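See below for the structure under consideration.
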Amino acid sequence: MSPAPLSESRDPLLPLTSSSSSAARAHRSNSFGEHPDDFELENVYIDDLKTHYNSDDSAPPSSPMARSRKDRHHDNDRSSLANMNSSSSVEYRRRNASVDDHDPLSPSVQTEALLQRESFSLDDGHDKQASASLKDLSSQDQRNFALLVLLYFLQGVPMGLAMGSVPFLLKSRLSYGEIGVFSLASYPYSMKLLWSPIVDAIWSTRMGRRKSWIVPIQTFSAIMLLWLGTNADRLMAEASTKLYTFTFVFFSLVMLCATQDVAVDGWALTLLSVENLSYASTAQTVGLTAGQFLSFTVFLAFNSPDFANRYFRTTPSDVGLFTLGGYLTFWGWAYLIVTLGLVVLKKEERTSNRDGLVSVYKTMWRVIKLKHVQTFIIIHLIAKIGFQANDAVTNLKLLEKGFTQEDMALTVLIDFPFEIGLGYYAGKWCAYFPPMTLWMWAFIGRLVAAVLAHITVWIFPRDGVVESGYLMVVIAEHIFSTFTSTVMFVAVSAFHAKIADPGIGGTYMTLLATVSNLGGTFPRIFVLKLVDAFTIATCTPLADADTLFEPFSCALEGDKKLCKTQGGVCNIEQDGYYITNVICIIIGVVTFWGYIKPAATRLSALPLKAWREASGSRSP
């Protein structure tokens, strides 16, 4: 039972796994001095900068502050590309901070952010050391850090619902294929590369570069949340008959969150002082993880009547402590209050820098035309097929068999600290082992996790009673799945950072992260539909039934309800989950040893310049 991969495309049913890479990101955002490999990659980057400046000047600048107007012009050209980072993955995850040209730790990005600021002056000293901890930040940086955490938190709240809780709540109403249709709502995070340059290029100087997008987006999000809160019960009840309308509503909400992510990522570069830009990724990790955790694990538990009756009530009730509608309404008003405070209390620093929209799209096209990138894109698009049935169906199948919503929430809650710890070690391993070698080992482990999930579902208690022993089996399998998917993501993110052309690092990284996300989302709808297609179940009347009827198929959720209503019993003769999972695993094994492993090994051995052929086509 694989957890949600928030980087590759994480399983929308378990978005908390975004935190799997959170610790990895935090680890990777340490100084270059921790790992020798970071020095090597940084030196490659510095050599490229020297080559760039030597092509125009007799000597490279000794420091960013000593650059001429011509150098600043080059920096501003590159800033439009660096800001493309804002559409990094759904996974809410960042690449290796030590080598990515757009990471807040990168000297080039710090310089670019500094040059864009209205208060910048060459007469000022900008060689301050980063604060050792949050409490050492200046009062202004502490306030801005808190603002970033709040904005990311608000973004994570609807994401946790759309990609986590709602599919679980829909399982009793929809078939697997219909839930597959709803999974389309998570696609904006795999598509935001298409419109992220627009967010960076079009804005109002009066309101501010980032507030021009954040304020209206949060306002629209608040209106949608309030409307959903009022209509949640009706929409859930009509989900089977108005599935595409229901999906479109959440697709729109997720699209707003994805666009807000682009704007907030860009604003982080100017909200914090240059020497403390590394805390931007910390703010994202804390905010997004907390928002998703609240809307998935916490909401799922407190929405469960059994959980509420067991721990909080003396008189049992058939509803949880709070409903979906009430939860949505609360956060709709919270969105409005925060947005109003943002308009009134927060002034954005002005900048006259505008990115070239057409040039960014041209850059992306040049990257896509690289032969090695095309091979890597193919790997990304087929690599996650092998574990799709596990990622998308295993948890739902457990619920169908009788695993309670309360137990599922408890499983993810226990898994949470393991995600953080395992993510930390995954980041350490990426510093000492070749990233793609580690990725391939994690790939094999993830196939093993799919097999273990298959067995876990198979041995589900026949009487439907989940004892502590079986619960521990589910938790252990869940932790192993989390571990393998986290290592796989962290490793491929490190490789992305290693191969990205520094001159177009933001665009390069965003493209690779988006394709990686897409590889985890596009097969899901087909896999869920296959589960229904392979399932054979027949509804037959009970021996003592008042009304006899002809047996009929009850493979779909709607037919199961009809069978129960007519007093029949639905006998599953062939469970499509097992067949689909086996097919996915076979595809994973064949593609891995037939194409992915040799291709990944070949790409891993290429020199860095092989990935930077696009630089030759860039205009000076």
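Cβ coordinates are placed from backbone N, Cα and C, and glycine is handled just like the others.
For 12-24, 56-66, 79-89, the entry in TrEMBL reads compositional bias 'Low complexity'. Feature annotation from TrEMBL assigns compositional bias 'Basic and acidic residues' to 91-104. What TrEMBL records for 1-39, 51-107 is region 'Disordered'. Positions annotated as transmembrane segment by TrEMBL: 145-168, 174-191, 212-229, 249-274, 286-304, 324-345, 438-460, 472-495, 507-526, 577-596.
Counting same-chain residues at least six beyond the ends of the transmembrane segment (324-345), those with a Cβ under 8 angstroms from any Cβ of the stretch are 150, 154, 157-158, 161, 165-166, 169, 211, 214-215, 218-219, 221-233, 236, 295, 299, 303. Highest Cβ contact count with the transmembrane segment (145-168) among the listed stretches 249-274, 286-304, 577-596 falls to 286-304 (criterion: pairs under 8 Å). Listed by sequence, the residues of this chain that lie at least six past the ends of the transmembrane segment (577-596) yet keep a Cβ under 8 A from its Cβ atoms are 378-379, 382-383, 385-390, 393-394, 397, 440, 443-444, 447, 450-451, 453-454, 457-458, 527, 530-531, 534-535.
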